[in-house]
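Novice: I have a structure here, written as structure tokens, and I will follow up with some questions on it.
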Amino acid sequence: MTDSLTIRRPDDWHLHFRDDAVMKGVVPFTARQFARAIVMPNLSPPVTSVEGCVAYRDRIQAAVPAGVDFTPLMTAYLTDGVDGDELARGFAEGVFTAAKLYPAHATTGSAHGVTDIAQIMPALEKMASVGMPLLIHGEVTDSHVDIFDREAVFIERTLSGLVRNLPELKIVFEHITTADAAAFVDASGPNVAATITPQHLHINRNAMFAGGMRPHAYCLPVAKREVHRLALRKAATSGSTKYFLGTDSAPHAQSAKESACGCAGIFNAPYALESYVTVFDEEGALDRFEAFASENGPRFYGLPLNEGTITLERGETRVPDTVDANGTTIVPFHAGETLGWVYRG
Ligand code: DOR
Ligand code: ZN
């Protein structure tokens with residue numbers, strides 16, 4: 001039995017840092033475990049300009065604890081009529097690493113998102129021509145479509161056509177939650193990849209209703225049936241280079257989650273590696289964890305792999321009921337559980 005796993009330093013290819021006081025509280029959790037992270041731009045107002053993005057990046061960097069080596073990789077928020085030249089300028093200047101497509105009203109902070117992909121085709125063509133990746137929240141927003149079907153319907157209605165029409169565009173299908181999404185990614189060419197969150201590897205939709213309503217198991221895209229969770233575990237641990245680590249860590253105050261209309265999002269940053277490695281261990285795939293956590297992401301993005309290593313050891317990590325993020329109380333993923341791996345740094 002492997003009791004200790006040393007891997008190249010990993011990155012988190014999708015998360016939310018927010019801004020202001022709570023940002024100062026959550027950045028250290030990620031900086032403790034990851035060398036880099038792709039930072040989502042769904043602030044209020046969203047990050048759309050190069051200058052606004054530089055300022056946000058500076059605020060994040062100021063929140064990294066002294067002596068910790070961590071680099072935020074920034075993203076642009078796509079709106080209808082976005083200027084492709086501005087995106088390309090931000091990409092060329094090393095400010096934007098990628099751009100994020102939120103279908104309008106799909107999730108938290110998506111009110112300014114894209115109403116129809118046709119609106120942004122010129123910008124997507126420009127991105128394809130300069131090699132700038134497109135990150136997609138892949139759900140339709142049509143309220144007539146059952147919430148559990150919105151990802152699969154998005155593939156049919158939007159994503160398959162986009163990949164067909166613009167095959168040279170690099171696309172990350174973010175936080176996939178279905179067997180349909182994994183099958184789509186597997187069947188697509190090398191320009192289509194996906195991130196998978198820890199929660200979608202650990203829980204199915206029953207977790208939201210176990211003995212009562214469980215707001216801390218609610219995120220978007222929402223967890224699906226067990227058959228989908230199993231397909232995601234298979235994809236993540238398959239050894240395919242198309243899948244990589246992206247936590248979608250999404251901090252919301254405990255009070256905003258435990259409410260008549262609780263926010264979507266699971267805060268998994270504090271114990272992200274312990275959570276993922278548990279899945280790879282359970283699947284007998286510890287030897288594939290390094291590629292998923294530390295290699296597939298940078299290779300897809302065309303970025304260098306990190307230097308240095310981190311170590312995870314078998315042992316007990318007791319996850320607290322709540323964590324303090326600079327004055328905001330947040331319930332972390334796995335609250336109250338004990339995980340069987342310890343992060344040693
Ligand atoms: O659950 C989610 N929370 N899904 C998203 O797409 C956004 C995120 C957030 O920003 O809270
Ligand atoms: Zn997200």
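Every residue gets a Cβ built from N, Cα and C, even glycine.
Please treat TrEMBL annotations as automatic predictions, because they have not gone through curation.
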Novice: TrEMBL has His14, His16, Asp248 binding Zn(2+) 1. Which one of Lys100, Lys170 is in the same site?
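Specialist: My reading of TrEMBL gives Lys100 as the candidate in that site.
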Novice: Could you look at Leu73, Leu166, Leu169, Leu220 and say which one TrEMBL places alongside His16, Phe17, Arg18, Asn42, His137, His252, Ala264 in the substrate site?
Specialist: Leu220
Novice: Taking TrEMBL at its word that Lys100, His137 bind Zn(2+) 2, choose the one of His175, His200, His202 listed for that site.
Specialist: His175
Novice: Can you go through the recorded positions Phe17, Arg18, Asn42, His137, Asp248, His252 and pick out those with a C-beta less than 6 angstroms from ligand 2?
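Specialist: The qualifying recorded positions are Asp248.
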Novice: Between the binding-site residues His14, His16, Lys100, where is the Cβ count within 10 Å the lowest?
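Specialist: Fewest other Cβ atoms within 10 Å, among the binding-site residues His14, His16, Lys100, is found for His16.
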Novice: Distance check, please: Cα of Lys100 (Zn(2+) 1 binding site) against Cα of Asp248 (active site), rounded to an integer number of angstrom.
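Specialist: Between the alpha carbons of Lys100 (Zn(2+) 1 binding site) and Asp248 (active site) there are 13 Å.
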Novice: Among Leu220, Ala264, the binding-site residues in question, whose Cβ has the most other Cβ atoms within 10 Å in this structure?
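Specialist: Top count of Cβ atoms within 10 Å goes to Leu220.
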Novice: Could you round the CA separation between Leu220 (substrate binding site) and Asp248 (active site) to a whole angstrom and send it over?
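Specialist: Their Cα atoms are separated by 10 Å.
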Novice: Roughly where does the domain 'Amidohydrolase-related' (12-311) sit in mean pLDDT, to the nearest integer?
Specialist: 98
Novice: Could you give the Cα-Cα distance between Ala264 (substrate binding site) and Asp248 (active site), in whole Å?
Specialist: 11
